[in-house]
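*Asks:* These came from TrEMBL, pasted as-is:
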REPEAT    1-22  repeat 'WD'
REPEAT    23-64  repeat 'WD'
REPEAT    72-101  repeat 'WD'
REPEAT    102-143  repeat 'WD'
REPEAT    144-176  repeat 'WD'
REPEAT    187-216  repeat 'WD'
REPEAT    217-258  repeat 'WD'
REPEAT    259-291  repeat 'WD'
Amino acid sequence: LSCSLDNTIRIWDIALEKKIQLTEGDLGIVMEVKFSPDCSKIVSRSNDKMIRLWDVQSGRQIQVFGGSGALFSLDGSKVISYSNDKTIRIWDTLSGKQLQLLKGHSSLIYDIQLLSDNSSFVSCSDDRTIRIWDISSGRQIQLLRGHYSSVKKIKISPDGSKIVSCSDDRTIRVWNGIQKECVVYPFSPDGTKIVSCSDDKTIRIWDKSSGNQILLLKGHQQFVLDAQFFPDNTKIVSCSADNTIRIWDILTGKQIQILEGHSDWVFGIKLSPDGSKIFSRSEDKTIRIWD
């Protein structure tokens, strides 16, 4: 599944190495796309501040909502969107009806993430706060304070017990779920480590429990834009504004391999579930698959 500055959404068959569906129209620049849990629908967001819901089989647009970002509930029955008007809205995917309007943030909302219980989700904002919300009632469950600047990104640990936040105050913080305890980046598969990347050209691996830095990885020549753990928990892959993708051994801290091919910044990477393939997206307008 890919989106592009050419105003299209495309679905690709990796095995056949061909496009199997194309959605186009007056979409604006499509910034992000996500599958529903059963892969029957897609939600997209565009620079025209609209959220669109699509049927995968037909490529038909089902619903349109206002907003600057969105995700599906775990059962796919709802879409949760956030907007520059400081609100969060919950929509029914079948009817397109707005179910809840959530107010609380006092400035721009930057990210939302579902908690694993499918009954609540987390948001972060320019107002320096993280908030936990109940999906059914729209009620704010908890307000987490601690950052001194905008909170730009949040992630949830695999077991759903921890919230990780990163902020313009240059800290990464780990919060103990629904309980207020109070260094954006993925957890290791076993949930014991966190990887962070930075504009200082480094990658750092942290112990989740203590918050201590375990490893400092150097090699990229420009900003490091993303990093992900391999499923085997022994390696990470990173990408950078130096146009490269690098694979690292997290037991030794040594760089294993450099993957070169992109002609511009590589700003996103994903791994296949078995770790055998790396998917990269770049400012050079290509998506590449690495074996």
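Positions of Cβ are set from backbone N, Cα and C atoms, glycine also.
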*Asks:* Quick check on the repeat 'WD' (217-258): DSSP residue counts for helix, strand, coil, in that order please.
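*Replies:* Per-class counts: 0 helix, 24 strand, 18 coil.
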*Asks:* Quick one: do the repeat 'WD' (187-216) and the repeat 'WD' (259-291) reach 3+ CB pairs under 8 Å, ignoring pairs fewer than 6 apart in sequence?
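*Replies:* The repeat 'WD' (259-291) and the repeat 'WD' (187-216): touching, no.
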*Asks:* Same-chain Cβ contacts of the repeat 'WD' (144-176) under 8 Å, 6 or more residues past its ends?
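*Replies:* For the repeat 'WD' (144-176), the list is 110-117, 122-126, 128-132, 182-187, 189, 191, 194, 196, 206, 208, 211.
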*Asks:* Could you give the residue numbers and ranges of same-chain residues that sit at least 6 residues beyond the repeat 'WD' (102-143) on either side and whose C-beta is under 8 angstroms from one of its C-beta atoms?
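*Replies:* Apart from its flanks, the repeat 'WD' (102-143) reaches 68-69, 71, 73-75, 78, 80, 82-84, 86-90, 149-156, 159-160, 163, 165, 167, 175, 177-178, 180, 184.
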*Asks:* What residues in the same chain, six or more past the boundaries of the repeat 'WD' (259-291), come closer than 8 Å to it by Cβ-Cβ distance?
*Replies:* 2, 4-5, 14, 222, 225-228, 230-232, 237-241, 243-247
